[in-house]
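**Q** Sharing a structure with you now.
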Amino acid sequence: MAPELKTEVNIISKVIQGDLESLPPQVREFIESNAKLCQPESIHICDGSEEENKKILDIMVEQGMIKKLSKYENCWLALTNPRDVARIESKTVIITQEQRDTIPIPKTGSSQLGRWMSEEDFEKAFNTRFPGCMQGRTMYVIPFSMGPIGSPLAKIGIELTDSPYVVASMRMMTRMGTAALKALGNGEFVKCLHSVGCPLPLKEPLINNWPCNPELTLIAHLPDRREIISFGSGYGGNSLLGKKCFALRIASRIAKEEGWLAEHMLILGITNPEGEKKYFAAAFPSACGKTNLAMMNPSRPGWKIECVGDDIAWMKFDELGNLRAINPENGFFGVAPGTSIKTNPNAIKTIFKNTIFTNVAETSDGGVYWEGIDEPLPPGVTLTSWKNKDWTPDNGEPCAHPNSRFCTPASQCPIMDPAWESPEGVPIEGIIFGGRRPAGVPLVYEAFNWQHGVFIGAAMRSEATAAAEHKGKIIMHDPFAMRPFFGYNFGKYLAHWLSMAHRPAAKLPRIFHVNWFRKDSQGKFLWPGYGENSRVLEWMFNRIQGKASAKSTAIGYIPADTALNLKGLEDINLTELFNISKEFWEKEVEEIKQYFEGQVNADLPYEIERELLALEMRIKQL
């Protein structure tokens, strides 16, 4: 007979899988107190097995939450409520006693570097949402490891959720189940609580059989208590709490305390024709090609690129002073639109088995489709859009949601690095920052030193497709590509990065900035991008080896005249690609100054202020 969990309100939650008695006391207490609060009908402790996964998928099919894609092996399609399609920054908060622990106090207006909520306001919000929120549903207990199980850099979390979609996705995105629980023992874990906020019986029918509660959505982080509490959204970024919530917001705070870095960065290995290998980490804002770079097929003969991770890096200096990085994830949660054989052949080779697609279009022959897939539809095959309606190009709107996703196991990617799961991590020798800058910013430049490199990360800006009320594109500040993900005050984060230079024996990686997106006066890209970006990586590789020459400019080192290998490329206008215009950079300096003064204000480290002044002086002398 399954053990029953008695609660004060006499709601009984049956344990339908697993054994509460055998769990570590602090895990059991976490489950019991939340079961008492949320009142699920049953409790399922996940073991991560293949058999369990089949059961979870069957439950979702039965609920109409996913459907099988007959064209591929073990692939599924979920269509969400159109109001639950992305991360929601306005509803993502961090709770600390003091506002300044979370964000710098801006000079005027509100902070763009995070959202703080007071403990009192959070308590009220929590109490209006969670009591009874899982009635009629199963509470799944998901023990998971961020990072290879047993790695000294890994951390354990436990997520309680009432969404089977979260269970199936977390099984791909993390190392989930019994092994994670064993690794935890009686240790510390990050407590993650998630509910879609739709107790049964429903008050109103679901849209697309997708439970969510957009009015009451809230994603809250309590770094002092190592807790994440998410309500009302089933979408990945808000519900797969190991991803941005834990691996960036909570982890960046843990990293500050423990002396390491948790960053929004891909990790790749690059090997030259002589068989020498180096690892790079790279931070780009969303939609600037992180996944494409991490999985690139280099155009340069004899060069090889392998992928360690496409989104998040945890990096710590070892005893020898090497900066060691792990990918804390176990899968890819990638944006589907724009993914094609041309833009990312290795992603295409990864995603057509054991994958959950969300909000892409479906073909009448049981396949998937999206903008930029670059595959003509076979004759007679029709499309159903992500809104579950018949679709033709005349509809005037995209067939797949612009933020539609694939969730797929990393182990299926044909170019995973042999060391991608190595417990000690891979040694990072170069860090790359980048953004989408149509004007003014050269293809590549190198920082003069670590401090200058930290300044470059802090000053990152990138073109964003603005919300509907703006016409055209705007250039947004996105420092370190972490703007939506800082777990604590950005000024203190900069100080933490700067402090790495004072570590005894630290071998500091070189820092670079790239811009694949510069355009000419006709609006055409000046650089072909994709596999040709390997030429830029080749220059960086050779710089680290002390082999490639560079010339010093006002903004950093750029490749000397013949240092960038352009063999086999036609019509590359190097002059325009590397032009550093005084007028442009004067405006850029002014923009950065306003941003630092307005947003980071009193918390801006003086070293960063000094770097800005030095840049201003160098620009004046152009």
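Just so it is clear, glycine is given a Cβ too, placed from its N, Cα and C backbone atoms.
Worth saying up front: this structure is predicted, and the values here are computed from it rather than measured.
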**Q** Figure out which of Arg28, Arg83, Arg87, Arg610 sits with Tyr235, Gly236, Gly237, Ser286, Asn403, Ser404, Arg405 in the substrate site per Swiss-Prot.
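**A** Candidate in the recorded substrate site: Arg87.
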**Q** From the candidates Arg436, Arg437, Arg503, Arg510, give the one listed by Swiss-Prot for the same GTP site as Ala287, Cys288, Gly289, Lys290, Thr291, Asn292, Arg405, Tyr530, Gly531, Glu532, Asn533.
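**A** The one candidate that Swiss-Prot places in that GTP site: Arg436.
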**Q** Can you dig out which of the ranges 178-208, 457-487, 550-580 Swiss-Prot describes as region 'Omega-loop'?
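**A** In Swiss-Prot, residues 457-487 carry the label region 'Omega-loop'.
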**Q** Out of Lys244, Lys278, Lys342, Lys349, which is the one Swiss-Prot records at the Mn(2+) site of His264, Asp311?
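**A** Among the candidates, Swiss-Prot records only Lys244 at this Mn(2+) site.
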**Q** Could you check which of the recorded positions Arg87, Cys288, Arg405 is the closest Cα neighbour of Glu532 (GTP binding site)?
**A** Cys288
**Q** Quick check on the binding-site residues Ser286, Asn403, Ser404: which one has the highest count of other Cβ atoms within 10 Å of its Cβ?
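**A** Answer returned by the neighbour count: Ser404.
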**Q** Give the residue from the binding-site residues Asp311, Glu532 that has the most other Cβ atoms within 10 Å of its Cβ, counting over every protein chain displayed.
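**A** Buried the deepest by this measure is Asp311.
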**Q** List, in sequence order, those recorded positions among Ser90, Ser286, Ala287, Asn403, Arg405, Tyr530 whose Cα sits within 10 Å of the Cα of Lys244 (Mn(2+) binding site).
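**A** Of everything listed, nothing lies within 10 Å of Lys244 (Mn(2+) binding site) (Cα to Cα).
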**Q** What kind of secondary structure is Arg405 (substrate binding site) part of, going by DSSP in three states?
**A** strand
**Q** So among the recorded positions Ala287, Cys288, who's got the most Cβ atoms within 10 Å?
**A** Cys288
